[in-house]
Amino acid sequence: MKRLDTSAAGFSEDFATLLAARGSDERSVAEPVRAILADVRSRGDEALCDYTARFDRLTLPAEKLRISAEEIASEAARVPADLMDALRTAARRIETFHAAQMPKDLDFTDEDGIRLGMRWTPLDAVGLYVPGGKAAYPSSVLMNALPARVAGVKRLAMCVPSPDGVLNPLVLAAAQLCGVEEIYRIGGAQAVGAMAFGTDLIAPVDRIVGPGNAYVAEAKRQVFGHVGIDSIAGPSEVVVVADGQNDPRLVALDLLAQAEHDEQAQAILITTDAAFAERAAEAVRKELETLPRTAIASKSWEDHGAIIVVRSLEEAAEIVNALAPEHLEVMLDAPRDFSAMIRHAGAIFMGRYCPEAVGDYVGGPNHVLPTSRTARFASGLSVFDFIKRTTTIEADEAGLRRIGPAGVALAKAEGLDAHALSLSVRLEKN
């Protein structure tokens with residue numbers, strides 16, 4: 001864990017090192033992913049069956065790769081009632097928030113008599129990638145599927161690996177809640193390829209969303225342009241801005257809630273109180289002694305964690321904007337005032353009773369957020385990822401006579417004679 005102080009000599013260099021330190025894994029998966037995608041594109045279902053046997057130790061004919069409605073219902077029925085209630089609560093809140101995001105169409109006539117508009121229409125088909133096995137996350141199903149449903153996407157196809165044939169009941173229950181009926185027991189880059197290019201079994205989709213390992217992320221990168229994708233997700237990250245009035249144990253737990261995700265995850269505390277910084281560091285050490293995922297969390301905290309002592313909240317805001325974190329917790333008396341200074345963050349959690357874990361499950365806004373400082377230019381997943389804009393222009397003869405001459409002049413200036421003629425011939429009639 002790195003300790004930085006903005007009043008110390010060399011802070012700028014140390015902070016630059018902190019920004020550059022993460023995500024330097026040199027292991028390239030580009031070539032094996034490229035080979036898998038080419039194979040799926042060439043051999044289709046046969047390749048899917050081969051990779052499923054190889055990576056998931058599951059040998060099935062192509063027609064059995066789709067999970068039947070009976071299997072989905074049977075697995076979902078195994079979920080305890082309290083967990084189903086929790087899924088329903090999360091689904092209700094996620095759906096409500098994303099429904100409020102839906103934009104309205106635009107239609108007006110301007111001062112030249114030209115009718116202008118903009119229509120929003122949903123994508124036809126979306127592919128959902130869901131990690132499988134023991135590390136399956138039903139919350140990710142809700143966060144990816146529900147915005148698509150709210151947006152009006154008619155077809156949702158989901159791919160989830162089932163190592164050794166084991167299905168995850170919670171994942172299937174979440175899919176059932178979202179109305180996802182087309183589910184395949186396929187994972188990895190091969191699943192991304194199947195959804196992007198299509199096979200006899202799986203019709204191609206228009207956009208692929210959902211988290212995955214390095215192979216899945218690279219596959220999404222390589223199929224982008226053929227289909228849309230949500231983002232290339234990096235390791236999770238949180239920045240906690242806290243004053244000395246906080247319980248150091250709560251701050252420690254919030255930091256470790258990110259650290260336990262992945263050895264590459266990053267958790268950073270920013271505070272104006274140097275004494276509190278020490279108490280928080282000690283609290284992290286104590287929690288790591290009993291945390292079930294202590295090996296992962298300890299590695300993350302040791303390699304990528306940081307505590308930064310600042311001279312003012314204004315300075316804290318500058319650092320947050322430079323970090324552009326995926327998650328920002330503001331544990332201050334006036335969290336809204338501080339948040340007003342923040343330009344770059346995927347999601348902001350305000351107040352001492354709003355840990356980032358609220359947003360992971362039951363807050364309502366999406367937990368699929370920009371990582372690796374991409375919050376400088378990107379946003380979290382929303383209904384806008386599943387709809388697109390089409391602009392409309394309607395002009396009658398009178399309207400064209402008002403604006404057409406300017407168009408003719410510009411077309412001639414660009415040397416595009418047919419463009420100019422398509423306007424001028426209409427203007428010369430009558």
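Keep in mind that glycine also has a Cβ here, set from the backbone N, Cα and C atoms.
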**OP:** Given that Swiss-Prot annotates Ser236, Gln258, His261, Asp360, Glu414, His419 as substrate-binding, name the residue from His327, His344 that shares the site.
**Re:** His327
**OP:** Could you tell me which of these binding-site residues, Gln190, Asn213, Ser236, has the greatest number of Cβ atoms within 10 Å of its own Cβ?
**Re:** Gln190
Original post:
Rounded to the nearest angstrom, how far is the Cα of Asn213 (NAD(+) binding site) from the Cα of Asp360 (substrate binding site)?
Top reply: 19
**OP:** Could you check which of these binding-site residues, Gln190, Asn213, Ser236, His261, Glu414, His419, sit within 10 Å of Glu326 (active site, proton acceptor), going Cα to Cα?
**Re:** Ser236
**OP:** Tally every other Cβ atom lying within 10 Å of the Cβ atom of His261 (substrate binding site).
**Re:** 20
